[in-house]
Ligand SMILES: O=C[C@H](O)[C@H](O)[C@H](O)COP(=O)(O)O
């Protein structure tokens, strides 16, 4: 599995050109990309700037020698490279297992080209098939938001910490609800519906924004495009 992740991360380097501003995604697959990008920047003395989507991406970029910039400092993001938890045949995504979905969506959405890196286990027939939709919420409103989500025939659970007692707290200081749907028929519609609930900061459905998905398979890298 890790080999497949490395393979797609290497393939994604082909989209990088000197002078680019690159959105740096979160998660184990993008971590390979960030390390490889750092190596490329050093070896070829490229002028690349990275915009991280989380503390994880930021720390790794710094460690890998990629100059880091913020949204305030750039006019445009050329490409963004990020992972995903589910990818449907129309390139709609579920993201946010790492709780970084809000910053990821801001950066991935703004990028000229949004490239997604996954292994083949992430491909599904429809969104919601395997994974819940992570939803970042204002902490004091989590319970009422969970009730609102259940109107859509989903069950919502407050995500608890592993090396922390109580709920996890995102990079933005919020909570995460994991909403398990039977099946998401219309990803774009559900993405909008969830964001309409007062107190929801952002949700992990990324409908209609991925341009390219690189899939690591046992036979090599497969490319899906919109
Ligand atoms: O918040 C986390 C992100 O959306 C990740 O990009 C996603 O969960 C995929 O992570 P991984 O590459 O580790 O499977």
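Here the Cβ of each residue, glycine as well, is placed from N, Cα and C on the backbone.
For reference, TrEMBL has these:
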| type | residues | note |
| --- | --- | --- |
| BINDING | 26, 27, 28, 29, 82, 83, 84, 85, 95, 96, 97, 98, 122 | substrate binding site |
| ACT_SITE | 104 | active site, proton acceptor |
Minimum Cβ neighbour count within 10 Å among the binding-site residues 26, 28: which residue?
28
Which of the three DSSP states, helix, strand or coil, fits residue 122 (substrate binding site)?
helix
Which residues does the residue listed as 'active site, proton acceptor' neighbour through Cβ under 8 Å, counting only same-chain ones at least six apart?
25, 26, 53, 54, 82, 95, 96
Using DSSP and three states only, what is the residue listed as 'active site, proton acceptor'?
helix
When DSSP states are folded down to helix, strand and coil, where does residue 28 (substrate binding site) land?
helix
Compute the centroid of the Cβ atoms of 26, 27, 28, 29, 82, 83, 84, 85, 95, 96, 97, 98, 122, then list the same-chain residues not in that set whose Cβ lies within 8 Å of it, in sequence order, for the substrate site.
25, 30
With the cut-off set at 10 Å between Cβ atoms, which of these binding-site residues ends up with the most neighbours? Options: 95, 97, 122.
95
Across all the protein chains here, work out how many other Cβ atoms are within 10 Å of the Cβ of residue 84 (substrate binding site).
28
Going by DSSP, is residue 97 (substrate binding site) sitting in a helix, a strand, or coil?
coil
